[in-house]
Amino acid sequence: MSQRVYIFDTTLRDGEQSPGVSLNVGEKVQIARQLAKLGVDIIEAGFPITSPGDFKAVSEIARQVKGVTVAALARANFQDIDRAWEAVRHAEQPRIHTFIATSDIHLKYKLRMSREEVLDAAVAAVKRARAYTGDVEFSAEDASRSDLDFLCRVLAAAIEAGATVINIPDTVGYAVPEEWGKFINTIYHKVPGIEKVIVSVHCHNDLGMAVANSLAAVMNGARQVEGAINGIGERAGNAAIEEMVMALYTRKDQYNLYTNIKTEEIYRTSKLVSALTGMKVQPNKAVVGKNAFAHEAGIHQDGVLKERTTYEIMNPAMVGISKSNLVLGKHSGRHAFRHRLEEMGYNLSDEELNSAFERFKKLADKKMEITDEDLEAIIEEEMRLVPHTYTLEYLHISSGTTVVPTATVGLKRDGQLMEEAACGNGPVDAICKAIDKITGLNCTMTSWGINAVTAGKDALGDVSLKVTADGEKVYVGRGISTDVLEASAKAYVNAVNKLIWDSQK
């Protein structure tokens, strides 16, 4: 049996099903490119039948992202499968991922099908997909709650029909590691032909055991694990890819397995996904959380200073957390700026570099020292792939304990300056109302949050907010500035630009 574990990333499909997450096509392509750079083996780009937007995202990723298998999801029916192939056909390595539920509860209440009907549908779906491509993955939805004998019949039939990957999902996060490992082991011994295919698992985190269950499956023969960056996904999320990868890497003595992941890209990938989805990473999150390599207790600090391995089982550099001593400031030139960005893994076009350098110089006038975190924030803001319908020109605020908060905002559109003023329940509310007056939109802000990019009085504030115009589709906006209110205005304009761009497509 191969010692390689394939990494199947579903950030753009299952991950995007997280409540409040809505990515546009450009953002999905940007994440897909970074996933390819990270070294994932398969990117599940979306579910093409569900919407024109999903179809376009899968199609664009298939055309633009190279060196990786691109998968499209489809239910076990011909219409879904045909649509999936139409979207993914231009990929260098296309895969159709088709699924049907096998648990009695799903058969009775969702599908309203008999076991034999499900078996026939699975076989027909795999054959249809194989007519298009030699790479077909079959998933038995809710496998962990399925009758084992029936599940094995379906898996055997799917293999005989031509499936090359057999995925066994713990769809509702019901399994526990010891049980799940035995479950996978039993399937290996009961399903004819299973040695000819790659066995995969897709574990959810409802009981907090998605990563543990995935690793238990690997110990029992699974050679593909499915998950999402930062563990995002429906309900409590998916298995976190960064945690599975670093567990396999750090505990080679236990697993004796490897992946093709470039671990130094993990942190940058995590930050990109967090920035574009608006889902913040909890500070104590394993591997990529803000506190993952922080030591506050005096004994721990003393130990780490004397010898890092006393309290750190991973080197921060392994996952791409930089400890560079190079500090940039207002006297730093374009060459030093470009050099540092290249060291950090960013390769910008001349146009992007010029724009980013202008932002850097403006920030350097306000901050004495520019850190890597500041640079990352600048680049993330620069690389947002939405046309700037409106740009913030200026902002004046009047606020206080005895004054009604008032904001005067100036925006530019097509070179024309537009100004409006508004009062609000607070300065941020006043800013948003003034912007709505200019744009003619009536948006509702559903969340607002700020992170300090670095420490100190002159720290950059990174504001992330979510807005909706119809109560359904949510748009994430981000803005950075040393001024919290300016960052809020930038974030709101960013969200509004996304909304306008989406409505014009």
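Residue numbers in this text run from 1 along the chain shown.
Glycine residues also receive a Cβ, built from the backbone N, Cα and C atoms like all the rest.
When Swiss-Prot records H202, H204, N238 as binding Mn(2+), the matching candidate from D9, D14, D429 it lists for that site is D14. Mean per-residue pLDDT, taken over the region 'Regulatory domain' (391-505), amounts to 92. Apart from the site residues D14, H202, H204, N238, the chain places the Cβ of T10, P169, T171, C203, N205, A210, E226, G227, A228, G233, E234, G237, A239 no farther than 8 Å from the centroid of the site's Cβ atoms, the recorded Mn(2+) location. All protein chains included, H202 (Mn(2+) binding site) registers 28 other Cβ atoms within 10 Å of its own Cβ.
Here the Cβ of D14 (Mn(2+) binding site) has 22 other Cβ atoms within 10 Å, regardless of which shown protein chain they belong to. Per-class residue totals from DSSP over the region 'Regulatory domain' (391-505), listed helix then strand then coil: 34 helix, 53 strand, 28 coil.
Around N238 (Mn(2+) binding site), a 10 Å sphere centred on its CB holds 30 further CB atoms from the protein chains shown. All chains included, 26 other C-beta atoms sit within 10 angstroms of the C-beta of H204 (Mn(2+) binding site).
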